[in-house]
Structures are given as C-alpha cells and as structure tokens.
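Trainee: Per Swiss-Prot, the features are:
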- N172, E238: Mn(2+) binding site (BINDING)
- I175, Y176, R177, R189, W190, L191, R194, G195: prenylated FMN binding site (BINDING)
- D287: active site, proton donor (ACT_SITE)
Amino acid sequence: MKFKDLRDFVQQLEQRGELKRIQIPVSPVLEMTEVCDRTLRAKGPALLFEKPTGYDIPVLGNLFGTPERVAMGMGAESVSELREIGKLLAFLKEPEPPKGLKDAWSKLPIFRKIIAMAPKVIKDAPCQEVVIEGDDVDLAMLPVQTCWSGDVAPLITWGLTVTKGPNKDRQNLGIYRQQVIGRNKVIMRWLSHRGGALDFREWCEKHPGQPFPVSVALGADPATILGAVTPVPDSLSEYAFAGLLRDSRTELVKCRGNDLQVPATAEIILEGVIHPGEMADEGPYGDHTGYYNEVDSFPVFTVERITHRIKPIYHSTYTGRPPDEPAILGVALNEVFVPILQKQFPEITDFYLPPEGCSYRMAVVTMKKSYPGHAKRVMLGVWSFLRQFMYTKFVIVTDDDINARDWNDVIWAITTRMDPKRDTVMIDNTPIDYLDFASPVSGLGSKMGLDATHKWPGETTREWGRVIVKDDAVTQRIDAIWNQLGID
C-alpha cells in the first residue's frame, strides 16, 4: 500500500486499527512521552493527540512504534518484504555489469523506473496554504514536546532538514534534533560528518560570513521521512528513492524565501538561515541511550518564515532507553541492511542490530567461514562498508549454525568458541557517537570485535570440539510416543 502524504497514512492506519485518536487533553510537556512510551512498549497503535494542552494543532506520536508500521510506511506489506528494498539498494549501490544482452534487457526496467521517479516540482503546494513571516513568526504556536523532566527546553525531533552545499547538484535530507531557544530560533544539532554539517562547512568556505539557507519539513509523507534514514546510494536522491517506495514521483515546491525544495504535502515548513559564527549550547536532553547527554555547542537556525497546511498536524517523538521509536526503526531497517552487506560479503548469512544496543552500537553477524582470519575480515568490513555502522562499538561474528537474533545462541558461541586474548580485536581512536559519554574523548573512542567462530588450523593448534547433535531417528520415535508418556 502506498501513501501520498502523512494524512493518507494516518487515515489508512486508522482503518486498520493501527491508530488511536486521543480526545482528552494531554500535555506535550512530559505527559505525551509517558503515554507514547507505555503504548510503544505494549506494541500499541500510533497516537493522534487531538487536544494538546494549550494548543490547537494536534500531535501525531508513536507513528513508527512497530516494525510493521515502518514497513507500511516504506510501501511494504510486511517486515520481511524490506529485504527486497535492501536488494534494490544493494543493486543500485554497486550494479553488476550485464552478463549478456538478455541480462541487460532484464535490468533496463529498473533504470527506467529510477529515471521516471525524478522529483516533480509544482507551484501551488499544500504546505504553503498558510504563510507566517517576519515578526509574526513564533515557534510557540507549535506543540513541541518536552520529553523528560531533565530536558532543558522543548525539542523538535522529527524535523526533516533540507540543505544544499555550494558544490553539489542535489539537496541533502537529514533528521537532526532542534532545541527551541526563542520565538524564531532553534539549535541545529548536526554532527560534523552528517550531510547538513558538511554542506554548511562548504558554504562557509565558499561564502564566508554569508547566511546559509536551511529549511525544515515537519510531517512529510512516510516514504520521504524513512528515505532520509535509509542507506540510499550517493547516486540516488532521497526524494527519488521515496518515489520508488511510493511508486509515484515526490512532489516538491520551492520555498518562499530560498531556493531549497521541500515536500509539497508536508504539514509544516520552517524556512530560514544559519548565520556563520552564531552558536549556542545545546542540551542536556534525554536521548536514545537512556541517559542525559552532555552540553555541547552547535549552530543556531533562525526561522524567518513558517508555512503550513490548513489545520496542520505536528509529527513528534521522544527518545529514551530502548525500546523507543529509533530502536524500532532500527529493527525494521535491519532487514534493509542485510542484502546490502551480503552483496559485498556473500559469506554473511545474517546481520542483527539488537535494539537494546541502542539501535547501532552492537552488531551480531553470522557467516560461512572459509579460511583462517575470515571472521576478522568480515568484522572490519562491517565497520567500514556503510556510514551507518561507523559508530558501532561492538561486532560479534559467529558461524552460520548460530541464530544471531537469539542471545542464548550468541552467548553460547562467545563462551565456547572464543579465547579472550586471541579472538578479541581492539581498535583505538575511531569515530564514536558524540552522545557516547563512555568514550574517553568526545567523538573519538575504541571498537571491539569478538570472533566467536569455530577456529581453523592456523588459528589454533588444538583439536576443536564437535557440536553435539541429536539423533533424528530417536527424536522421531520419542515424538510418536510423547503423549503416552504422560509428561506435562
């Protein structure tokens, strides 16, 4: 099922019993977090708070609170279908040369479809039905959540930030949290390696002292939102990828005050600039690790204009100790990652990011081992192949007889197939999430790889143990008489 905009998605979710309208007043200050957290942990529906205390704009929460709703948002009928999206991305990331004319002809429709999904720019857009400018701009009109009691201020969480570097042909989409610090100012918390920060740095180098145009879309359609957090190849824009997911071209509109193009059906658009050198201390905030992060300095985004649909919906979330929405997103997107990794490393049989590992800080890989040192090659490949795993602190590699998604299996492999000294790989001075206060230096820390595979000659001089396997014939005989044994 495909969705043309957020409202269409909300309507379809409600028809499926996957969305609940909350018609009593609930405050965006702490209360919505509590309601959403309980609902997410119970694998409950998306929530539309129709009467946020003190506001006229409804709040949509827990939208991607189950892997199934993430899959729906990406146009898939089930989580398992996300593997097909991963296969498409793997092909687009590194397309294989055709083996012949027939093979080339079979691949032609894919490239035709990609070309056909180039974004469509329109003039009259729903997101510009209402325009607020100048001194009338006031972010206090938005029911921005204060998620935790120790949070310093309200926090915009699902803003889709649109930027464009001076030397780039296409725009960058990124989701960065934004602390509200005034009527028309927020702090843009983007890390130095993220696309928005790179665009800003290039702008400052080419246009020193000049304001950097930025736009933020709130409440875009689900395909566009999820496209921004998916490992899309550099050769494919997030807008075009969203079109592939939606099976229809993404409609864009030029902003009123800059040349950036934003989703035409988004609920709310913030337009403005970042003045080079204008910085502010951001935080502390409770984040996806389950802790409050330390205060750090980031650029200030000045909002010059707000445009929105008539009767807009404000899309929001919270982050905290897993499970939270980012963790659920990680569970679903895990299925997209597997084919991409397998394209580069065919020996990988499964890849799993445990949600309790904060979505990306730990990975478990199962593989068909073929030679001594093979597991170490795979773990180094995981760290280096996709940008999404540059912050993964722990990689556990096991044989393919282990279920990567069953901790009983994984712990058994670690404790029976590993020597702590021989089979542990430590790498120092690597990129680490700035939110990781356990690292000795902000943004720089170590990584650990655990080789929990069977050891080959050359890796050990000892006779390796054989796994105990039950006798199939005996198992079948006992199955046949089990009910007669009277064992409950």
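Quick reminder: no glycine exception, Cβ is built from N, Cα and C everywhere.
Describe the structural context of each listed feature in the structure shown, including burial, neighbouring residues and relevant distances.
Mentor: Sequence-distant contacts of N172 (Mn(2+) binding site), defined as residues of its own chain at least six apart whose C-beta falls under 8 angstroms from its C-beta, comprise V162, T163, K164, G165, G195, G196, L198, D199. DSSP assigns N172 (Mn(2+) binding site) to a strand segment in the three-state reduction.
When other Cβ atoms within 10 Å of the Cβ of R189 (prenylated FMN binding site) are tallied across all protein chains shown, the result is 22.
Within the same chain, residues at least six positions away from D287 (active site, proton donor) with a Cβ under 8 Å of its Cβ are N293, T319, G320, L435.
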Trainee: To test your reading of the prenylated FMN site: which residues beyond I175, Y176, R177, R189, W190, L191, R194, G195, same chain only, put their Cβ within 8 Å of the Cβ centroid of those residues?
Mentor: T161, G174, M188, G196, A197
Trainee: Looking only at C-alpha atoms, tell me how far W190 (prenylated FMN binding site) is from E238 (Mn(2+) binding site), rounded to the nearest Å.
Mentor: 18
Trainee: Measuring Cα to Cα across I175, Y176, R177, R189, W190, L191, R194, G195, which the record gives as the prenylated FMN binders, how far apart are the two most distant ones in Å?
Mentor: 14
Trainee: To see if you understand the setup: which same-chain residues, six or more apart in sequence, place their Cβ under 8 Å from that of L191 (prenylated FMN binding site)?
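Mentor: Result: A197, D433, Y434, G443.
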Trainee: Between I175 (prenylated FMN binding site) and E238 (Mn(2+) binding site), what C-alpha distance do you get in Å?
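Mentor: On Cα coordinates alone, these residues lie 12 Å apart.
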Trainee: Between the Cα atoms of R177 (prenylated FMN binding site) and E238 (Mn(2+) binding site), what distance do you get, rounded to the nearest Å?
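Mentor: Counting only the Cα atoms, the answer is 19 Å.
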